[in-house]
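> Sharing the feature lines straight out of Swiss-Prot:
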type	residues	note
REGION	1-20	region 'Disordered'
TRANSMEM	42-62	transmembrane segment
DOMAIN	45-333	domain 'ABC transmembrane type-1 1'
TRANSMEM	93-113	transmembrane segment
TRANSMEM	169-189	transmembrane segment
TRANSMEM	192-212	transmembrane segment
TRANSMEM	272-292	transmembrane segment
TRANSMEM	301-321	transmembrane segment
DOMAIN	368-604	domain 'ABC transporter 1'
BINDING	Gly403, Glu404, Ser405, Gly406, Ser407, Gly408, Lys409, Ser410	ATP 1 binding site
CARBOHYD	Asn470	N-linked glycosylation site
CARBOHYD	Asn555	N-linked glycosylation site
CARBOHYD	Asn631	N-linked glycosylation site
CARBOHYD	Asn648	N-linked glycosylation site
DOMAIN	705-992	domain 'ABC transmembrane type-1 2'
TRANSMEM	706-726	transmembrane segment
TRANSMEM	746-766	transmembrane segment
CARBOHYD	Asn801	N-linked glycosylation site
TRANSMEM	840-860	transmembrane segment
TRANSMEM	927-947	transmembrane segment
TRANSMEM	961-981	transmembrane segment
DOMAIN	1027-1266	domain 'ABC transporter 2'
BINDING	Gly1062, Glu1063, Ser1064, Gly1065, Ser1066, Gly1067, Lys1068, Ser1069	ATP 2 binding site
CARBOHYD	Asn1116	N-linked glycosylation site
CARBOHYD	Asn1217	N-linked glycosylation site
CARBOHYD	Asn1247	N-linked glycosylation site
Amino acid sequence: MNRDGAGEGDSVSHEHSTSKTDEKAKTVPLYKLFAFADSFDVFLMICGSLGAIGNGVCLPLMTLLFGDLIDSFGKNQNNKDIVDVVSKVCLKFVYLGLGRLGAAFLQVACWMITGERQAAKIRSNYLKTILRQDIGFFDVETNTGEVVGRMSGDTVHIQDAMGEKVGKFIQLVSTFVGGFALAFAKGWLLTLVMLTSIPFLAMAGAAMALLVTRASSRGQAAYAKAATVVEQTIGSIRTVASFTGEKQAINSYKKYITSAYKSSIQQGFSTGLGLGVMIYVFFSSYALAIWFGGKMILEKGYTGGSVINVIIIVVAGSMSLGQTSPCVTAFAAGQAAAYKMFETIKRKPLIDAYDVNGKVLGDIRGDIELKDVHFSYPARPDEEIFDGFSLFIPSGATAALVGESGSGKSTVINLIERFYDPKAGEVLIDGINLKEFQLKWIRSKIGLVCQEPVLFSSSIMENIAYGKENATLQEIKVATELANAAKFINNLPQGLDTKVGEHGTQLSGGQKQRIAIARAILKDPRVLLLDEATSALDTESERVVQEALDRVMVNRTTVVVAHRLSTVRNADMIAVIHSGKMVEKGSHSELLKDSVGAYSQLIRCQEINKGHDAKPSDMASGSSFRNSNLNISREGSVISGGTSSFGNSSRHHSLNVLGLFAGLDLGSGSQRVGQEETGTTSQEPLRKVSLTRIAALNKPEIPVLLLGTVVAAINGAIFPLFGILISRVIEAFFKPADQLKKDSRFWAIIFVALGVTSLIVSPSQMYLFAVAGGKLIRRIQSMCFEKAVHMEVSWFDEPENSSGTMGARLSTDAALIRALVGDALSLAVQNAASAASGLIIAFTASWELALIILVMLPLIGINGFLQVKFMKGFSADAKSKYEEASQVANDAVGSIRTVASFCAEEKVMQMYNKQCEGPIKDGVKQGFISGLGFGFSFFILFCVYATSFYAAARLVEDGKTTFIDVFQVFFALTMAAIGISQSSTFAPDSSKAKVAAASIFAIIDRKSKIDSSDETGTVLENVKGDIELRHLSFTYPARPGIQIFRDLCLTIRAGKTVALVGESGSGKSTVISLLQRFYDPDSGQITLDGVELKKLQLKWLRQQMGLVGQEPVLFNDTIRANIAYGKGSEEAATESEIIAAAELANAHKFISSIQQGYDTVVGEKGIQLSGGQKQRVAIARAIVKEPKILLLDEATSALDAESERLVQDALDRVIVNRTTVVVAHRLSTIKNADVIAIVKNGVIAENGTHETLIKIDGGVYASLVQLHMTASN
């Protein structure tokens, strides 16, 4: 909707505010993450927690059994009972394994399922809250890219923090608590001494969590900015391509991902440092325990067995505490990610769409009154739009608001819809303040048709059904008939089920508009608000739609913002608004009586523009200003056929200016229809990506990785070495007193040394792998983005390459790939080193026993493999389903005004929840299977222990090994097993990462059919600007069944102006798309100065052309940067060039009058400027480029008479000596063209000057002009 100059500068303040809060890294208390749990979730969490406690206590219980074993072996090593005694203990191991299977299953399954369910609730609550916010919130605090980023990226962190990681955390803590309880029972004094290390551990852990949270918040903030760059670039790809802005987009994207990379390194280093300190503290405390334990044996009569039991239990308990660090990291990341989402969820909107309080009457009459209204847009509170504005519209009357662009006309509509509340004064309906009504009810009585209708990426039928809950097919059909849309819909292959594409790009402008009107008609409103509702239609459609509107307007209060003569002239009341004041009001004939009044001046303005070809009478009649339109086909200007238009991608509020153009003719079938049916066959299934391929991308970091590998290997060997030390200590404890004293001191020192090693090794390992992983992600993201930006335009017509989906791919997928390289490699090396050193130590101690255990290793291997298999989580299918769900969110947030005005919030939520059902079911299934795999793996492990000790007893019985060697083998292998089991915790990540890698490499490997990064091709020294289209035939790749051009020939001489005229959908804008090589013709050729376009360097070719579309796409940056974009970057254009271009485009004056001038930020999609203002900025952007060829696609259609005159003057100055191709409906523009070409049925039906064509009796042009004349009378 045209915001009438509202709100520049908003995003400026927003940028500052977010960056400040991010610095402080705010988080949510952990328990608050579970705020959305229902009773079933609570049940699951209780079961899961009980399972986790059971699972955790198994380890200390196992150490008790282990104490029994030491006793059994120690006391019976020389007698025949050893096998009997030991086998009894072994049986207990098997029972414990069974118990652990059940507990582990409950732990994993319950927590994974509840995590999936609650994350889904948070996502859906977040979207629900976003939809209920007042429109001002979207102007100031958020944008589509951020919402989609939070829903796809941040919820992954939140789910991570509330799913199986919680179970794991409870398990580890209960191991710790259970262990210490048993240790106190066995030997309290020694346990107390060992406990002294706990405060140090806690401090290290807390410091680490703090640092990690800080870094991760900073990283998320940088990624959110990068996501916005992706959203803006992909969403406006035609503009980016036309202005060769790819490089600029890539650079700003790289800037943000580099700052995210820096945060990730800090995060890695902090984690490593924390771990290193923890392990150092552990080892020092063991040193203390060994020295002190020796003392206890000598002085307090402890036995060696009990000392070892206490040490082992405390080791096991404390180690489990150390393993909580990934959980703590995940909690910290989840808490940081949840902060922004929960803040939003808690936010109470100023105008609440879900508020059920307020009056609900039987019906309303429809008297509308604005009483002494003071208003400024929230994004620019200092700039008053209205300062005491009043207006009364009696029920059933039609009131027309006219005035220049930016005067506040659309603001009236915004206030009546209650998108905003006035600062002072009131807006009344039937004498009751709007604030007193129930918002949903009063909005249901108001129908809105904007100048730039917003459609959702679903079918035509679903789009119309937004107008009314539970509408029947019959009602929908009647509404399409009334809106004159039934005919073109029936011509589409899928009829009402045709998909309209992202933002309706599959339809031409007029088609979109008629669907929007049908949607409003279905609502059967008492008050109808038409914001330029017919401006986008060609004469023929306009006549029929206007008749439809006339039928619909009967007995309804109607407020029209328009420039069209016919609409305004018959209005009961016309109000002329200037700079937020009503300067005149009355009927058409009353206002004309004052020959120096504002209205008469507007009309005169129009006459000059119009040329003098129309009869003065109609001129006068002229309402506001569109009468001059030869509106020949505005309807679609669009591009006829594909998604064309440049703007289209702009999407939402762009004012489109006239809305429309974006679409294409749908002459038949939505562009993507063919594919939808077949299930988008166009996309081949993703090829698997080999790990070597990803590793190759990490090549530059080989030195870092090698060093990291060495460090990780040292780190991995630490625990098995620890095993030798413990078995040596056991031995020492059974030695004579003086030897015991000496040995205990010696081994204590060795332990401290081991701790110091860990202190150096751990942070180095984390840091080195963070550098390698971070650089890899950054490289993959920039390669992928760079590749995507250079794809041919038709690639973006595919739904799977929409801006929302691409944003999710770049943020989520790239981060997952890192798990394959950095973290996973680091862990794999560490675990391999643990395993290898464990085996070596075991074999040296007792090769027979080690061999027996080794034979059983495959069992452990199989169980590890099963775990990996079971954890194949979040399969590709679920991933793309969530992508589809985020597209629903993307659409709704981008079109929040439409959603609000149709009270469609619940409908959007239903669509969103429907898209999420599948992935949630998959998550539940996956949780169930993972739980089984996880439990089973523990059972196998315990069976292996039981078998090993039984075999050991046999060997001891036969005298083949000694009791100390048995334990050395056991400790070395246990420690190795702990290493191996840790690596399986990375299983879920690697499978997700492979799917992610495939989706990213699918983009990197694709060859662009029209590659703007390709530097080859001819560059002409001197461009004259002769263009020739020879025998073109063309269909849009996404709709191969619809022929746009059959055999089109057209010659455009250098320096001349050619106007293309024709009905909506005839292919006029397609000519412009082909000239810029957004698409290539199927046959025939286009030449520039005799050279075929395909032979010219693409980037150079696009630099020779300046495009001004009817729906200009501006970026969320300053006005200066938007104009300089024409040169390719802000640095390339000097201040004087920018100002000169703005003056030429008649934009300098309005820019200078805004507080921040050229530094004003235009807002997402330029929403802070009115239509006419945006258009002038776009013209300045094209002028700065100094193009040889100018392409004007309805460039002035969105302007009021005054701006149009000025812009038209500017364009007249600019087109001198330039080859110009104009798609237009204004008689004046077309009439003065050197050649007018009529496009019809895929060929040029007539061409010549206005004078020659008008004389052809029964000619297409002559009849169009005739139709126009009668329409204006």
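Cβ from N, Cα, C; glycine included.
Give me the local environment of each listed feature.
Long-range contacts of the transmembrane segment (93-113) within the same chain: residues 44-45, 47-48, 50-55, 58, 61-62, 65, 163-168, 170-171, 923-924, 926-928, 930-932, 934-943, 945-946, 949, each at least 6 residues beyond the stretch ends and with a Cβ under 8 Å from a Cβ of the stretch.
If one looks beyond the transmembrane segment (169-189) by at least 6 residues along the same chain, the residues whose Cβ comes under 8 Å of a Cβ in the stretch are 49, 52-53, 55-57, 59-61, 63-64, 67, 107, 195, 296, 300, 302, 306-307, 309-310, 313-314, 316-318, 320-321, 323-324, 327-328, 331.
Here the transmembrane segment (192-212) has long-range neighbours at 180, 183, 266-267, 270-271, 273-275, 277-278, 281-282, 284-286, 288-289, 292, 310-311, 314, 318, 321-322, 324-325, 328-329, 331-333, meaning same-chain residues at least 6 beyond its ends whose C-beta is under 8 angstroms from one of its own.
Away from its own ends, the transmembrane segment (272-292) comes close to residues 190, 193-194, 196-197, 200-201, 204-205, 207-209, 211-212, 310-311, 314-315, 318-319, 322, 325, 718, 729, 744-745, 747-749, 751-752, 754-756, 758-767 of its chain (Cβ-Cβ under 8 Å, at least six residues beyond either end).
Confidence annotation: the domain 'ABC transporter 1' (368-604) carries a mean pLDDT of 84 in the model.
Around the Cβ of Ser407 (ATP 1 binding site), a 10 Å sphere holds 25 further Cβ atoms from the protein chains shown. DSSP gives Ser407 (ATP 1 binding site) a coil state; it is part of no helix or strand.
For Asn470 (N-linked glycosylation site), the count of additional Cβ atoms within 10 Å of its Cβ stands at 6 [all protein chains shown].
Asn555 (N-linked glycosylation site) falls outside any helix or strand according to DSSP and counts as coil. Cβ contacts within 10 Å of Asn555 (N-linked glycosylation site), excluding its own Cβ and spanning all protein chains shown: 10.
Long-range contacts of the transmembrane segment (706-726) within its own chain (CB-CB distance under 8 A, at least 6 residues past either end) are made by residues 279, 308, 311-312, 315, 747, 750-751, 754, 757-758, 761-762, 764-765, 768-769, 772, 825-827, 829-834, 837-838, 841, 967-968, 971-976, 978-979.
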> Which listed range (42-62, 301-321, 746-766, 927-947) shows the maximal number of Cβ pairs under 8 Å with respect to the transmembrane segment (840-860)?
927-947
> Would you kindly list the residues that approach the transmembrane segment (301-321) from elsewhere in its chain, counting only those six or more residues past its ends and only Cβ-Cβ distances under 8 Å?
56, 59-60, 63-64, 66-67, 70-71, 74, 171-173, 175-180, 182-183, 186-187, 190-191, 194, 197, 201, 282, 285-286, 289-290, 293, 726, 729-730, 733-734, 978
> Is the transmembrane segment (746-766) packed against any residues at least 6 beyond its ends, judged by a Cβ distance under 8 Å, and which are they?
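Same-chain contacts beyond the ends: 268-269, 271-273, 275-277, 279-284, 286-288, 290-291, 707-708, 711-712, 714-715, 718, 721-722, 725, 728-729, 732, 826, 830.
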> Cβ atoms within 10 Å, counted per site: which of Ser405, Asn1217, Asn1247 has the most, among these recorded positions?
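Going through Ser405, Asn1217, Asn1247 one by one, the largest Cβ count within 10 Å is at Ser405.
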> Could you check the binding-site residues Gly408, Gly1065, Gly1067 and say which one's CB has the fewest neighbouring CB atoms inside 10 Å?
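Sparsest of the binding-site residues Gly408, Gly1065, Gly1067 by Cβ contacts within 10 Å: Gly408.
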> 10 Å Cβ neighbour count around Asn1116 (N-linked glycosylation site)?
24
> Calculate the distance in Å between the alpha carbons (Cα) of Gly1067 (ATP 2 binding site) and Asn1247 (N-linked glycosylation site), and round it to a whole number.
15
> Where among the recorded positions Ser410, Asn801, Ser1069 do you find the Cβ with the fewest other Cβ atoms within 10 Å?
Asn801
> Just to verify: the residue among Lys409, Lys1068 with the fewest other Cβ atoms within 10 Å, which of the binding-site residues is it?
Lys409
> Compare the Cα of Gly408 (ATP 1 binding site) against each of the recorded positions Ser1064, Gly1065, Asn1116 and report the nearest.
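Checking each of Ser1064, Gly1065, Asn1116 against Gly408 (ATP 1 binding site), the shortest Cα distance is to Asn1116.
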> Have a look at the recorded positions Asn801, Ser1069, Asn1116, Asn1247 and say which one has the shortest Cα distance to Ser405 (ATP 1 binding site).
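Comparing Cα positions, the candidate nearest Ser405 (ATP 1 binding site) turns out to be Asn1116.
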> Between Glu404 (ATP 1 binding site) and Asn1116 (N-linked glycosylation site), what C-alpha distance do you get in Å?
24
> Using C-alpha atoms only, work out the spacing between Gly406 (ATP 1 binding site) and Asn1116 (N-linked glycosylation site) and round it to an integer in Å.
19
